[in-house]
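Q: The structure under discussion is supplied below as structure tokens; questions concerning it will follow.
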Amino acid sequence: MDDQPRLMHSHPGVGMAGHPSLSQHMQDGTGANEGEGGRKQDIGDILQQIMTITDQSLDEAQARKHALNCHRMKPALFNVLCEIKEKTVLSIRGAQEEEPADPQLMRLDNMLLAEGVAGPEKGGGSAAAAAAAAASGGAGADNSAEHSDYRAKLSQIRQIYHTELEKYEQACNEFTTHVMNLLREQSRTRPISPKEIERMVSIIHRKFSSIQMQLKQSTCEAVMILRSRFLDARRKRRNFNKQATEILNEYFYSHLSNPYPSEEAKEELAKKCAITVSQVSNWFGNKRIRYKKNIGKFQEEANIYAAKTAVNATNVSVHGSQANSPSTPSSAGGYPSPCYQSDRRIQ
């Protein structure tokens, strides 16, 4: 018994530290610390690799992708990602709904169709001509040149619209195809369903629809400006026929000292010219302004109408004197003799 303490003191390296279970526990603690440090280092390496992905060349990226697809743990990683995705999708699945069509875009489409700009026919053919004829309210031969100009400019707007629309559709299709190919490629590594690809395509189309709306809006504005310039303005400044212009000018220059016709005179002139009273008033207002601005230019015209008025007055006086002159004696017996009554009055 006395030898045991002596043995323990004679071997200081053996004791509590020499207990096999305690020694194993201490070794496990050291291993755990080393394992935790190793995991931190692995995570740091992964993050560093992620940060340098954008700096990799295409060949390096393809090599990394091939190595990942051939890795023996790839199926396990994909299954874990599917489980995580399923939990996440369940919470947002009900929020995905199709949005209704934009009413503003529908209005623009209807307007472009009505104006003959949109539609299957390109080049401003019969549709544009029909729109021009309908907007003009019926054109005569006098306005054929103006309407031809309108149709030509409408055809130009139509051509620009379809050219820009083709560019828009081409860019949208190219970007959509690129995104779809990218998602299909990524679906080999992370779970992506076909419905999610369709949803992404619809999101892209909504983003591009804003560009389409701007194009259609600017086209509609161009058509409206063209319409007001060549059609509405033409109605306002429509020239009267030659006979109406002659009647109005004759009255104006015959009343040059006071070229302000009364309401009765306006109504009479409107009947003679087959126009409205307001058109007569507008014509006299514009005529007075033009005459005051350039009296010398209109003086010759005033002289012409003054001479014409004098000739007309002379003709009227001549015809009047002939109508009032006594009749010539007839061959039967000349003037009839007056009959005297008893009261000496001539019958």
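Yeah, the Cβs are placed from backbone N, Cα and C, and that goes for glycine too.
Owing to the predicted nature of the structure, the values given are computational and were not obtained by experimental measurement.
Here Swiss-Prot flags 1-40, 318-347 as region 'Disordered'. Marked as domain 'PBC' by Swiss-Prot: 38-232. According to Swiss-Prot, the region 'PBC-A' annotation covers 45-124. If you look up Swiss-Prot, you'll see 127-232 marked as region 'PBC-B'. The DNA-binding region annotation in Swiss-Prot covers 233-295. Sequence annotations record features per position, and here Swiss-Prot assigns compositional bias 'Polar residues' to 318-331.
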Q: What are the DSSP helix, strand and coil residue counts for the region 'PBC-A' (45-124)?
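A: Residue counts for the region 'PBC-A' (45-124) by secondary structure: 56 helix, 0 strand, 24 coil.
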Q: Averaged across the domain 'PBC' (38-232), what pLDDT does the model get? Just tell me the whole number, please.
A: 77
Q: Could you give me the DSSP helix, strand and coil counts for the DNA-binding region (233-295)?
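A: With helix first, then strand, then coil, the DNA-binding region (233-295) has 46 helix, 0 strand, 17 coil.
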